[in-house]
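Notes follow once the structure below has been shown.
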Amino acid sequence: MPEIITPIITPFTKDNRIDKEKLKIHAENLIRKGIDKLFVNGTTGLGPSLSPEEKLENLKAVYDVTNKIIFQVGGLNLDDAIRLAKLSKDFDIVGIASYAPYYYPRMSEKHLVKYFKTLCEVSPHPVYLYNYPTATGKDIDAKVAKEIGCFTGVKDTIENIIHTLDYKRLNPNMLVYSGSDMLIATVASTGLDGNVAAGSNYLPEVTVTIKKLAMERKIDEALKLQFLHDEVIEASRIFGSLSSNYVLTKYFQGYDLGYPRPPIFPLDDEEERQLIKKVEGIRAKLVELKILKE
């Protein structure tokens, strides 16, 4: 059964600290509304901006709510990633994950393979690849993943479904998740294992229903809902999706997630107003379809 995994937003206070209470409220709501797992410290959670201590703080807070967690530990200091992986032994979670070391250009494939194999060697949990070429500048594709040989699963954040399907073709025992919100109906229809969908932070009901309809082979209904979801995603990108996520969660779910962390700045009042104006018609349609409540 395909899963919907939420790369959970990290709420910050005005003075730039993690707001653990808001994080727990958000995690509780997501699990209650049918989200299968939470991906902690991902891009949507502003993971690259978090210190190792903050990454662990996020894990502890979410673990108070659920153990259905994939704990993202990656970064530019391998010692930090190793330490976080080892510390995760105290938590009965699904697994750890890491993106490729980013920023540094022209890293050899040999060194990238060594990075991930080192994490696999020390991890007390299954290890998931977080492949996000646009953000990291490195594509740990299906062939490289097979060479590394120790991944339980992959989150492939790329719009090309063939690229994602290749992981399953070359690594048939690997759990393969698309990182694209716009491919939920497609993924549920192809035999892949689900989506890690940023939009499920603010529209968990929609993402879960798209998956359900696609699994029931109600493809027309699934696509109708998928296209409404896509419109919200596209609206968020106009103003910067990482900042928009905070506004949209408050609008659709009714609770405040505080602030993002600069250089991901909060939207100003006018940007918020314009964003809400772009999605309020979609919300009305979702209410009419009885996906959302009034």
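We number each residue from 1, going along the chain as drawn.
Glycine residues also receive a Cβ, built from the backbone N, Cα and C atoms like all the rest.
What Swiss-Prot says about this one:
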BINDING   Thr43, Thr44, Tyr130, Asn131, Tyr132, Lys155, Asp156, Thr157  substrate binding site
SITE      Tyr130  site 'Proton shuttle'
ACT_SITE  Lys155  active site, schiff-base intermediate with substrate
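Shown here: features listed in Swiss-Prot, placed on the structure.
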residue: Thr43; record: substrate binding site; contacts (Cβ under 8 Å, 6+ apart): Pro7, Tyr132, Ala135, Thr157, Ala198, Leu242
residue: Thr44; record: substrate binding site; contacts (Cβ under 8 Å, 6+ apart): Pro7, Ile8, Ile9, Ala198, Asn201, Leu242, Asn245
residue: Tyr130; record: substrate binding site; contacts (Cβ under 8 Å, 6+ apart): Gly42, Gln72, Gly74, Ala97, Ser98, Tyr99, Val154, Lys155, Thr157
residue: Asn131; record: substrate binding site; contacts (Cβ under 8 Å, 6+ apart): Tyr99, Ala100, Asp139, Ile140, Asp141, Ala145, Val154, Lys155, Asp156, Thr157, Ile158, Gly179
Cβ atoms near Thr157 (substrate binding site) (within 10 Å, other residues, all chains): 23
Thr43, Thr44, Tyr130, Asn131, Tyr132, Lys155, Asp156, Thr157 excluded, remaining Cβ within 8 Å of their centroid (substrate): Pro7, Gly42, Tyr99, Ala135, Gly179, Val196
Other CB atoms, at most 10 A from the CB of Asp156 (substrate binding site): 30
DSSP-derived structure type at Thr43 (substrate binding site), helix or strand or else coil: coil
Span of Thr43, Thr44, Tyr130, Asn131, Tyr132, Lys155, Asp156, Thr157 around substrate - largest C-alpha separation, Å: 14
Neighbouring C-beta atoms (10 Å sphere around the C-beta of Tyr132 (substrate binding site)): 21
Lys155 (substrate binding site) CB neighbourhood, other CB atoms within 10 A: 26
For Thr157 (substrate binding site): DSSP state (helix, strand, coil): coil
